[in-house]
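*Asks:* OK, TrEMBL features for this one:
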TRANSMEM  34-56  transmembrane segment
TRANSMEM  76-94  transmembrane segment
TRANSMEM  106-125  transmembrane segment
TRANSMEM  137-161  transmembrane segment
TRANSMEM  190-217  transmembrane segment
TRANSMEM  310-333  transmembrane segment
TRANSMEM  340-359  transmembrane segment
TRANSMEM  375-399  transmembrane segment
TRANSMEM  420-443  transmembrane segment
TRANSMEM  449-473  transmembrane segment
Amino acid sequence: MSAPRAATPGPGGGARKTELELELGSSTQTSHRLLAYSDALLSIIATVMILPVAHTKIHPDQKLGESVQQLLLTKIAVYLMTFLIVTVAWAAHVRLFQVIELIDDVLALLNLACMMIITFLPYTFSLMASFPGVPFGIFLFSVCAVVIGLIQAVIVVYGFYHPHLLNQQIQVSENQNFYKRHILKIILRGPVLCFLAAIFSFFFIPLSYLLLGLVIVFPHLSRFITWCKTKIVGPREEEEASYSLETFSFYLSEPLSKERVEAFSDGVYAIVATLLILDICEDNVPDPREVGEKFHGSLLEALSEYGPNYLAYFGSFVTIGLLWFVHHSLFLYVTKATRLMGLLNILSLAFIGGLPLAYQLTSEFAEKSHNEIEAIQVSCVITFFASIFQFAIWTTALLHERETLHPFARYGGKEHAFMFAKLALYPCVSLGAFFLTCLLSEFSTEIFHLMQIVIPFAFLALRIFVRISLTVIKSVMSLSRRKVVLLEEEEACLSPTETHS
């Protein structure tokens, strides 16, 4: 064991002085900034996976329904799979640095090597999405995933070789080797499946995709199988011992780092919002020669042709911003994020990442008016799933509300009804807009833009509406109670007369 990591803080020094002395007086540092950097990078990488899908070229004469079947469907499926695999790598990173609390130069460089391979994943995804039937794209993606897992395994081995870097619970444990084996077993599951996917990519590509999909569900599947075995034959000693490893496991009720969940989510929302303006800058700046020849030098007249694009941009940005606002409001009252809540959050973020695709489709109304119904319906579906998974996070938190929610947000709390209304607004409106466009197809554009305009004002008036609704409900309930009391009094008055007669 190494020498003490920091001096005892003197009067007025506090933890801040201790942390500073730790970083300046030894080769170890706290991991806060490394984790912030890693979360930002991982959220960017997960989000830019949508670019090959959003920038799919659709011929003006081709109907969107045919394009979805022929071009977009495969790319969307591959995007969802790769997005979730990146989030699996992020979740492993979260667990890893719950075990390793301090870092040194070697660990920092190993983490940078891991991040470098992760930044290469969008390129491999582009190959997979553009050439789904060619083995090299899936082989390259799988090899990158294997290398990421191996680097994380090296970080674990290095951390246990220098135990002063580990968290206090593991440092004082007599079973460090058991901890190390358990953690390595969990970290290397994904790389083993990706290694098999790389091999089978040259023989049977569908099996490779199945193995990559198994990387996403395997932790939960293995936990379910263990639960079934426990119910049938009873727990074994090893399984009972593994329950104590709360710092690094895949139990759905186990707490995640709420701060890192928020940081990763904020990164996804920020990058998605940024991608929208990049598309505006790239595709909606007129050519100077065209402005001079076609519009006689009038830049304003040239820009007027991009009106639908600007409208789609502002509408999409408002949607992203308000979904972030709902997410922020939700996690404001979350005291502990369980693994199941983290999984639902990742599914919500996967559809948030699809909003640039919705922007690309809706910004082309003027060019392909016969596709506007399909484009609006795709946008409504993406928004619905992004918001309904947020609602599912809330529902899951309510199942364990004493552990996961602030008292204000629990059943009967002063903010419970307001949070319910806030989280239900987007799913209801997007689903309503979807069905209205099916029934009133000739007004589909107007319905969609009206939805985008009304929702911000609905959020502003939501608290007032909830208060009025609660007041009305309470009044109705009090009136019904009064009627019940009056009827009981009348029965009480009548019963002595009947007895006397």
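Every residue gets a Cβ built from N, Cα and C, even glycine.
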*Asks:* Which stretch from 34-56, 310-333, 420-443, 449-473 shares the most C-beta pairs under 8 Å with the transmembrane segment (340-359)?
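*Replies:* Going through each listed stretch, the top one turns out to be 34-56.
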*Asks:* Between the transmembrane segment (34-56) and the transmembrane segment (449-473), do 3 or more CB pairs sit under 8 angstroms, pairs being 6 or more residues apart?
*Replies:* no
*Asks:* Hey, which bits of the same chain come close to the transmembrane segment (375-399), Cβ under 8 Å, at least six residues off its ends?
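*Replies:* Cβ under 8 Å, 6 or more out: 64, 68, 319, 323, 326-327, 330, 334, 338, 340-341, 344-345, 347-348, 351-352, 354-355, 357-358, 361-362, 364-365, 405, 410-411, 419-420, 423-424, 426-427, 430-431, 433-434, 437-438, 444-445, 447-448.
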*Asks:* Using Cβ distances below 8 Å and needing 3 or more such pairs, separated by at least 6 in sequence, tell me whether the transmembrane segment (190-217) contacts the transmembrane segment (76-94).
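*Replies:* Contact confirmed: at least 3 Cβ pairs fall under 8 Å.
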*Asks:* For the transmembrane segment (106-125), I need the partner stretch with the highest count of C-beta pairs below 8 angstroms, choosing only from 76-94, 137-161, 310-333, 420-443.
*Replies:* 137-161
*Asks:* For the transmembrane segment (76-94), what are the same-chain contacts with Cβ under 8 Å, counting residues 6+ beyond its ends?
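*Replies:* Sequence-remote neighbours of the transmembrane segment (76-94) are 38-39, 42-43, 45-46, 49-50, 52-53, 114, 118, 121, 125, 128-129, 132, 141, 145, 148-149, 152, 186-187, 190, 209, 212-213, 215-216, 256-257, 260, 264, 342, 346, 349-350, 353-354, 357.
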*Asks:* Could you pull out which residues elsewhere in the chain have a CB under 8 Å from any CB of the transmembrane segment (137-161), counting only those six or more residues past its ends?
*Replies:* 82, 85, 89, 92-93, 96, 99-100, 106-107, 110-111, 113-114, 117-118, 120-121, 124-125, 127-131, 176, 179-180, 183-184, 187-188, 190-191, 194-195, 197-198, 201-202, 205, 208-209, 212, 215
